[in-house]
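The active site annotation in Swiss-Prot covers ARG145, LYS169, HIS238, ARG241, HIS264 and is backed by sequence analysis. Residues annotated as active site, O-(3'-phospho-DNA)-tyrosine intermediate in Swiss-Prot, with sequence analysis given as evidence: TYR273. Per Swiss-Prot, the feature domain 'Core-binding (CB)' maps to 1-84. What Swiss-Prot records for 105-286 is domain 'Tyr recombinase'.
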Amino acid sequence: MNHIQDAFLNTLKVERNFSEHTLKSYQDDLIQFNQFLEQEHLELNTFEYRDARNYLSYLYSNHLKRTSVSRKISTLRTFYEYWMTLDENIINPFVQLVHPKKEKYLPQFFYEEEMEALFKTVEEDTSKNLRDRVILELLYATGIRVSELVNIKKQDIDFYANGVTVLGKGSKERFVPFGAYCRQSIENYLEHFKPIQSCNHDFLIVNMKGEAITERGVRYVLNDIVKRTAGVSEIHPHKLRHTFATHLLNQGADLRTVQSLLGHVNLSTTGKYTHVSNQQLRKVYLNAHPRAKKENET
(Lines of atoms letter the chains of each structure in order from A and count residues from 1; the text may use other names and numbers.)
(Lines give C-alpha, C1' and ligand atoms only; values in the text may rest on other atoms or scores of the structure.)
Protein backbone atom coordinates (compact mmCIF):
# COMPACT_ATOMS: atom_id res chain seq x y z
CA MET A 1 0.00 0.00 0.00
CA ASN A 2 1.31 3.48 -0.84
CA HIS A 3 0.47 6.83 0.72
CA ILE A 4 -2.17 7.67 -1.94
CA GLN A 5 -4.03 4.44 -1.25
CA ASP A 6 -3.76 4.99 2.51
CA ALA A 7 -5.18 8.50 2.11
CA PHE A 8 -8.00 7.10 -0.05
CA LEU A 9 -8.98 4.55 2.62
CA ASN A 10 -8.83 7.21 5.32
CA THR A 11 -11.16 9.43 3.28
CA LEU A 12 -13.66 6.58 2.98
CA LYS A 13 -13.51 6.07 6.73
CA VAL A 14 -13.68 9.69 7.89
CA GLU A 15 -15.71 11.49 5.23
CA ARG A 16 -17.95 8.71 3.92
CA ASN A 17 -18.39 6.83 7.19
CA PHE A 18 -17.64 3.39 5.71
CA SER A 19 -17.85 0.44 8.12
CA GLU A 20 -14.70 -1.47 9.07
CA HIS A 21 -15.99 -4.47 7.11
CA THR A 22 -16.40 -2.40 3.91
CA LEU A 23 -13.01 -0.72 4.43
CA LYS A 24 -11.39 -4.14 4.79
CA SER A 25 -12.90 -5.18 1.44
CA TYR A 26 -11.54 -2.03 -0.24
CA GLN A 27 -8.12 -2.60 1.32
CA ASP A 28 -8.04 -6.24 0.15
CA ASP A 29 -9.00 -5.15 -3.38
CA LEU A 30 -6.13 -2.64 -3.46
CA ILE A 31 -3.63 -5.17 -2.11
CA GLN A 32 -4.62 -7.67 -4.80
CA PHE A 33 -4.29 -4.95 -7.43
CA ASN A 34 -0.82 -4.04 -6.15
CA GLN A 35 0.23 -7.68 -6.41
CA PHE A 36 -0.88 -7.70 -10.05
CA LEU A 37 1.11 -4.51 -10.72
CA GLU A 38 4.23 -6.07 -9.25
CA GLN A 39 3.71 -9.33 -11.12
CA GLU A 40 3.29 -7.55 -14.47
CA HIS A 41 5.97 -4.89 -13.76
CA LEU A 42 3.43 -2.08 -14.08
CA GLU A 43 3.26 1.30 -12.32
CA LEU A 44 0.21 2.72 -10.58
CA ASN A 45 0.45 6.15 -12.24
CA THR A 46 1.00 4.83 -15.80
CA PHE A 47 -1.65 2.11 -15.69
CA GLU A 48 -3.73 2.26 -18.91
CA TYR A 49 -7.09 1.06 -20.20
CA ARG A 50 -5.55 -1.98 -21.91
CA ASP A 51 -3.90 -2.86 -18.59
CA ALA A 52 -7.30 -2.57 -16.92
CA ARG A 53 -8.74 -5.04 -19.43
CA ASN A 54 -5.87 -7.42 -18.71
CA TYR A 55 -6.56 -7.07 -15.00
CA LEU A 56 -10.22 -7.94 -15.61
CA SER A 57 -9.11 -11.12 -17.41
CA TYR A 58 -6.72 -11.86 -14.56
CA LEU A 59 -9.56 -11.67 -12.03
CA TYR A 60 -11.72 -14.04 -14.06
CA SER A 61 -8.80 -16.46 -14.39
CA ASN A 62 -8.91 -16.79 -10.59
CA HIS A 63 -12.47 -18.17 -10.88
CA LEU A 64 -14.04 -15.29 -8.98
CA LYS A 65 -17.78 -14.69 -9.06
CA ARG A 66 -19.03 -11.87 -11.25
CA THR A 67 -20.23 -10.02 -8.17
CA SER A 68 -16.71 -10.14 -6.68
CA VAL A 69 -15.10 -9.00 -9.93
CA SER A 70 -17.62 -6.18 -10.25
CA ARG A 71 -16.86 -4.97 -6.72
CA LYS A 72 -13.08 -5.06 -7.26
CA ILE A 73 -13.35 -3.05 -10.47
CA SER A 74 -15.66 -0.58 -8.71
CA THR A 75 -13.10 -0.17 -5.92
CA LEU A 76 -10.35 0.69 -8.39
CA ARG A 77 -12.56 3.04 -10.39
CA THR A 78 -13.42 4.89 -7.17
CA PHE A 79 -9.76 4.97 -6.12
CA TYR A 80 -8.64 6.54 -9.40
CA GLU A 81 -11.50 9.06 -9.23
CA TYR A 82 -10.19 10.09 -5.82
CA TRP A 83 -6.60 10.30 -7.11
CA MET A 84 -7.72 12.50 -10.02
CA THR A 85 -8.97 15.10 -7.53
CA LEU A 86 -5.43 15.35 -6.16
CA ASP A 87 -3.44 15.15 -9.40
CA GLU A 88 -4.73 16.50 -12.74
CA ASN A 89 -2.24 14.34 -14.64
CA ILE A 90 -3.85 11.11 -13.50
CA ILE A 91 -6.25 9.34 -15.87
CA ASN A 92 -8.81 6.80 -14.68
CA PRO A 93 -8.07 3.60 -16.65
CA PHE A 94 -11.20 1.89 -15.33
CA VAL A 95 -13.74 4.54 -16.34
CA GLN A 96 -14.53 2.90 -19.72
CA LEU A 97 -14.27 -0.66 -18.49
CA VAL A 98 -17.69 -2.32 -18.68
CA HIS A 99 -18.86 -3.77 -15.40
CA PRO A 100 -19.48 -7.51 -15.54
CA LYS A 101 -23.20 -8.16 -15.13
CA LYS A 102 -24.11 -9.22 -11.64
CA GLU A 103 -25.59 -12.64 -11.06
CA LYS A 104 -29.22 -12.45 -10.10
CA TYR A 105 -30.07 -13.99 -6.76
CA LEU A 106 -32.88 -14.00 -4.29
CA PRO A 107 -32.02 -12.78 -0.80
CA GLN A 108 -31.68 -15.58 1.73
CA PHE A 109 -33.93 -15.33 4.75
CA PHE A 110 -35.13 -17.33 7.74
CA TYR A 111 -38.65 -18.72 7.95
CA GLU A 112 -40.67 -17.64 10.99
CA GLU A 113 -40.27 -21.03 12.68
CA GLU A 114 -36.49 -20.76 12.24
CA MET A 115 -36.49 -17.36 13.91
CA GLU A 116 -38.52 -18.80 16.78
CA ALA A 117 -35.92 -21.56 17.17
CA LEU A 118 -33.10 -18.98 17.29
CA PHE A 119 -34.89 -16.97 19.97
CA LYS A 120 -35.57 -20.14 21.98
CA THR A 121 -31.82 -20.81 22.04
CA VAL A 122 -31.19 -17.54 23.90
CA GLU A 123 -34.35 -17.75 26.01
CA GLU A 124 -32.71 -18.65 29.34
CA ASP A 125 -31.63 -15.58 31.33
CA THR A 126 -27.90 -16.28 31.56
CA SER A 127 -25.52 -13.33 31.42
CA LYS A 128 -24.38 -14.22 27.89
CA ASN A 129 -27.91 -14.81 26.64
CA LEU A 130 -29.02 -11.38 27.87
CA ARG A 131 -26.50 -9.78 25.51
CA ASP A 132 -26.94 -12.28 22.66
CA ARG A 133 -30.72 -11.94 22.78
CA VAL A 134 -30.64 -8.15 22.53
CA ILE A 135 -28.40 -8.43 19.44
CA LEU A 136 -30.78 -10.91 17.81
CA GLU A 137 -33.87 -8.92 18.77
CA LEU A 138 -32.52 -5.60 17.49
CA LEU A 139 -31.34 -7.00 14.16
CA TYR A 140 -34.60 -8.83 13.50
CA ALA A 141 -36.99 -6.24 14.96
CA THR A 142 -35.47 -3.26 13.12
CA GLY A 143 -33.64 -4.67 10.08
CA ILE A 144 -30.65 -2.40 10.79
CA ARG A 145 -27.19 -3.12 9.43
CA VAL A 146 -24.53 -4.53 11.77
CA SER A 147 -22.46 -1.38 11.16
CA GLU A 148 -25.43 0.59 12.51
CA LEU A 149 -25.97 -1.77 15.44
CA VAL A 150 -22.43 -1.52 16.82
CA ASN A 151 -22.63 2.29 16.80
CA ILE A 152 -25.89 2.60 18.75
CA LYS A 153 -25.50 4.61 21.94
CA LYS A 154 -27.73 4.17 24.99
CA GLN A 155 -29.23 7.60 24.38
CA ASP A 156 -30.30 6.51 20.87
CA ILE A 157 -32.92 4.22 22.39
CA ASP A 158 -36.31 5.90 22.84
CA PHE A 159 -38.48 3.90 25.23
CA TYR A 160 -41.34 6.40 24.89
CA ALA A 161 -41.60 6.02 21.13
CA ASN A 162 -40.36 2.39 21.19
CA GLY A 163 -37.64 2.83 18.61
CA VAL A 164 -34.00 3.56 17.94
CA THR A 165 -32.18 6.27 15.99
CA VAL A 166 -29.34 4.92 13.85
CA LEU A 167 -26.69 6.52 11.67
CA GLY A 168 -26.88 4.89 8.25
CA LYS A 169 -24.90 5.11 5.03
CA GLY A 170 -23.86 8.61 4.09
CA SER A 171 -24.21 9.65 7.75
CA LYS A 172 -28.00 9.79 7.36
CA GLU A 173 -30.00 9.42 10.55
CA ARG A 174 -33.24 7.47 10.60
CA PHE A 175 -35.64 6.35 13.31
CA VAL A 176 -36.69 2.70 13.31
CA PRO A 177 -39.46 1.40 15.59
CA PHE A 178 -39.25 -1.85 17.52
CA GLY A 179 -41.85 -4.02 19.25
CA ALA A 180 -42.58 -5.25 22.76
CA TYR A 181 -40.22 -8.25 22.66
CA CYS A 182 -37.29 -6.12 21.58
CA ARG A 183 -38.06 -3.45 24.16
CA GLN A 184 -38.18 -6.03 26.94
CA SER A 185 -34.89 -7.59 25.88
CA ILE A 186 -33.18 -4.17 25.93
CA GLU A 187 -34.59 -3.36 29.36
CA ASN A 188 -33.50 -6.73 30.80
CA TYR A 189 -30.06 -6.31 29.25
CA LEU A 190 -29.53 -2.82 30.68
CA GLU A 191 -30.79 -3.87 34.10
CA HIS A 192 -29.07 -7.23 34.54
CA PHE A 193 -26.03 -7.47 32.22
CA LYS A 194 -23.18 -6.48 34.54
CA PRO A 195 -20.54 -5.51 31.89
CA ILE A 196 -22.83 -2.75 30.54
CA GLN A 197 -23.31 -1.32 34.03
CA SER A 198 -19.60 -0.79 34.72
CA CYS A 199 -18.34 0.50 31.35
CA ASN A 200 -17.11 4.08 30.87
CA HIS A 201 -18.68 4.73 27.44
CA ASP A 202 -22.18 5.10 25.99
CA PHE A 203 -22.24 2.27 23.43
CA LEU A 204 -25.28 0.03 23.87
CA ILE A 205 -23.89 -3.35 22.81
CA VAL A 206 -20.75 -4.50 24.60
CA ASN A 207 -18.67 -7.66 24.88
CA MET A 208 -18.17 -9.63 28.08
CA LYS A 209 -15.41 -7.20 29.10
CA GLY A 210 -17.66 -4.17 28.80
CA GLU A 211 -15.97 -2.93 25.60
CA ALA A 212 -17.99 -1.73 22.61
CA ILE A 213 -18.63 -4.77 20.45
CA THR A 214 -17.20 -4.88 16.91
CA GLU A 215 -18.87 -6.09 13.71
CA ARG A 216 -16.66 -9.16 13.89
CA GLY A 217 -17.87 -9.73 17.44
CA VAL A 218 -21.50 -9.60 16.31
CA ARG A 219 -20.82 -12.18 13.58
CA TYR A 220 -19.20 -14.43 16.19
CA VAL A 221 -22.26 -14.12 18.46
CA LEU A 222 -24.66 -14.97 15.62
CA ASN A 223 -22.62 -17.97 14.51
CA ASP A 224 -22.55 -19.21 18.10
CA ILE A 225 -26.35 -18.94 18.36
CA VAL A 226 -26.76 -20.97 15.16
CA LYS A 227 -24.39 -23.67 16.41
CA ARG A 228 -26.60 -24.04 19.48
CA THR A 229 -29.84 -24.15 17.46
CA ALA A 230 -31.03 -27.44 15.99
CA GLY A 231 -32.37 -27.34 12.44
CA VAL A 232 -30.88 -23.94 11.57
CA SER A 233 -27.69 -23.51 9.61
CA GLU A 234 -25.74 -20.76 7.88
CA ILE A 235 -26.19 -17.24 9.15
CA HIS A 236 -24.73 -13.88 8.24
CA PRO A 237 -25.84 -10.53 9.65
CA HIS A 238 -27.48 -9.42 6.41
CA LYS A 239 -29.63 -12.55 6.41
CA LEU A 240 -31.49 -11.12 9.40
CA ARG A 241 -31.95 -7.85 7.49
CA HIS A 242 -33.33 -9.85 4.55
CA THR A 243 -35.61 -11.73 6.96
CA PHE A 244 -36.93 -8.49 8.46
CA ALA A 245 -37.87 -7.12 5.03
CA THR A 246 -39.31 -10.38 3.72
CA HIS A 247 -41.51 -10.99 6.76
CA LEU A 248 -42.88 -7.43 6.64
CA LEU A 249 -43.79 -7.75 2.96
CA ASN A 250 -45.32 -11.19 3.53
CA GLN A 251 -47.60 -9.64 6.16
CA GLY A 252 -48.76 -6.87 3.83
CA ALA A 253 -46.36 -3.98 4.46
CA ASP A 254 -45.98 -1.68 1.45
CA LEU A 255 -42.66 -1.36 -0.35
CA ARG A 256 -42.19 2.36 0.41
CA THR A 257 -42.49 1.76 4.15
CA VAL A 258 -39.97 -1.08 4.04
CA GLN A 259 -37.65 1.13 1.98
CA SER A 260 -37.80 3.82 4.66
CA LEU A 261 -37.21 1.33 7.49
CA LEU A 262 -34.19 -0.18 5.75
CA GLY A 263 -32.72 3.20 4.86
CA HIS A 264 -32.53 2.44 1.14
CA VAL A 265 -32.05 5.44 -1.14
CA ASN A 266 -33.51 3.70 -4.19
CA LEU A 267 -36.77 1.76 -4.23
CA SER A 268 -35.21 -0.71 -6.68
CA THR A 269 -32.87 -1.89 -3.92
CA THR A 270 -35.86 -2.77 -1.75
CA GLY A 271 -37.67 -4.25 -4.74
CA LYS A 272 -35.53 -7.40 -4.74
CA TYR A 273 -37.49 -8.59 -1.71
CA THR A 274 -40.74 -8.63 -3.66
CA HIS A 275 -39.49 -11.67 -5.59
CA VAL A 276 -39.23 -13.59 -2.34
CA SER A 277 -42.58 -12.24 -1.19
CA ASN A 278 -44.16 -13.30 -4.48
CA GLN A 279 -43.00 -16.86 -3.84
CA GLN A 280 -44.88 -16.75 -0.55
CA LEU A 281 -47.97 -15.36 -2.28
CA ARG A 282 -47.88 -18.21 -4.80
CA LYS A 283 -47.51 -20.75 -2.00
CA VAL A 284 -50.58 -19.34 -0.24
CA TYR A 285 -52.50 -19.23 -3.53
CA LEU A 286 -51.72 -22.86 -4.38
CA ASN A 287 -52.83 -24.00 -0.95
CA ALA A 288 -55.98 -21.87 -0.80
CA HIS A 289 -57.51 -21.59 -4.27
CA PRO A 290 -59.87 -24.48 -5.12
CA ARG A 291 -58.79 -24.56 -8.77
CA ALA A 292 -55.09 -23.86 -8.31
CA LYS A 293 -54.19 -27.53 -8.78
CA LYS A 294 -55.61 -30.46 -10.69
CA GLU A 295 -56.74 -33.46 -8.68
CA ASN A 296 -53.71 -35.57 -9.64
CA GLU A 297 -51.23 -32.83 -8.66
CA THR A 298 -49.65 -32.47 -5.24
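Cβ atoms are placed via backbone N, Cα and C, with glycine included.
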### Cα-Cα distance linking LYS169 (active site) and ARG241 (active site), given in Å to the nearest integer
15
### Task
Could you state the whole-number distance in Å separating the C-alpha atoms of LYS169 (active site) and ARG145 (active site)?
10
### Message
If you average per-residue pLDDT over the domain 'Tyr recombinase' (105-286), what number do you get?
### Response
85
### Summary
Across the domain 'Core-binding (CB)' (1-84), DSSP yields 67 helix, 0 strand, 17 coil
### Task
Kindly assign HIS238 (active site) to one of the three DSSP-derived states: helix, strand or coil.
helix
### Task
Could you round the CA separation between ARG145 (active site) and HIS238 (active site) to a whole angstrom and send it over?
7
